[in-house]
Amino acid sequence: MGCLMNKKTKKRIATREQGIDEMIRKDQEIMDKESKLLLLGPGESGKSTILKQIQVIHKKKFDDPEERKKYRLVVFDNVVHSIQSLVTASTRFNNEITNVSESEIEEICNLENDVKYFTKEQANLIQKIWESESIQETYLQRNKFHLFDSAKFFLDNIERITEQDYIPTVKDIIQSRSRTTGIFDVDFNYGDIKFRLSDVGGQRNERRKWIHCFQGVTAVLFVVSLNEYDEKLFEDSNVSRMEESLLLFDEICNSRWFIDTPIILLLNKNDLFEEKIKTKDLNVCFEDYGGGCDYDNALKFIREKFLSLNLRSKTKEIHVREMCATDTDNIDDVFETIKEIVSTDQKKNISNL
């Protein structure tokens, strides 16, 4: 009898072990599965910068000078766009540029966006225009016209950038701006998790493509540019950039596609925001704001504006991080947080099996 009981016991143990092995296998399948992170947000919020930072940190993509050379024309385009935007705005604001002739201004305005190199004369002229008092006054009014955030960085470095043997630095690449059209993916490992980070165009006409990316998403990273609270859309000069961000976040946050998907709200460009809020009150965008030109008050107010849009706040948490996408160390810290959120969500899914 004891021998029979022993066989039954062994069978139960074997069955239980098989069950445990199956659970471990399923757990491992979930953990091994690629985690898809979807980068969403309006145009120029910093999504592409985040993607480039991941390539710097995890792919070492820009260690090779030949790889960095590919960004020469992007940097040159940014320089041309920046100086031409400033000259055009200067004319509109009646800030006459007096230290250069009209023919010299015309020469700069006629530069092509796909310029392959700058002559020494063109480089000196760009620097002279940039350093003029009228252009500096116009730069202070940059919220009234479209100008890349990196304009000052590139124009301050015009002498280095226009050297004949110029190779963009990693910082140049991170600061560079090119409009995203279509979808760009980067695969990378962070600790024991495999990620695929997908960046899609943020301008209005690009958003129809987003729907194809929604299936099988592990987490949504929604990027907002904090410092654009007093600026208008590139596509529609009547719409506030912050208002557009709120409308878009409302749509994403409450989408049927993301009912059970973690959403991480990334409040980007906090460095530029901290500088701007010292002199430009947030109430230019939100009439109900009364915190004055105080960074902490303004940040808390914006944060609460976005979180208030979550219609499922009792059952769904929105994770929030303020950040500076051009700061590599900051991005690494942010993705450590993202990894923890994704890992926790994976473990929750395993426990529900």
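Just so you know, glycine gets a Cβ as well, placed from its N, Cα and C.
The GTP binding site annotation in TrEMBL covers 44-49, 149-150, 199-203, 268-271, A325.
The Mg(2+) binding site feature in TrEMBL is assigned to S48, T180. In the three-state DSSP scheme, S48 (Mg(2+) binding site) falls into the helix class.
Among the binding-site residues E44, D149, the residue whose Cβ has the fewest other Cβ atoms within 10 Å is D149. Secondary structure at V200 (GTP binding site), taken from DSSP and collapsed to helix, strand or coil, is strand.
The two recorded residues, N270 (GTP binding site) and S48 (Mg(2+) binding site), have Cα atoms 17 Å apart.
All protein chains included, V200 (GTP binding site) registers 21 other Cβ atoms within 10 Å of its own Cβ. Over all protein chains present, the Cβ of K47 (GTP binding site) has 28 other Cβ atoms lying within 10 Å.
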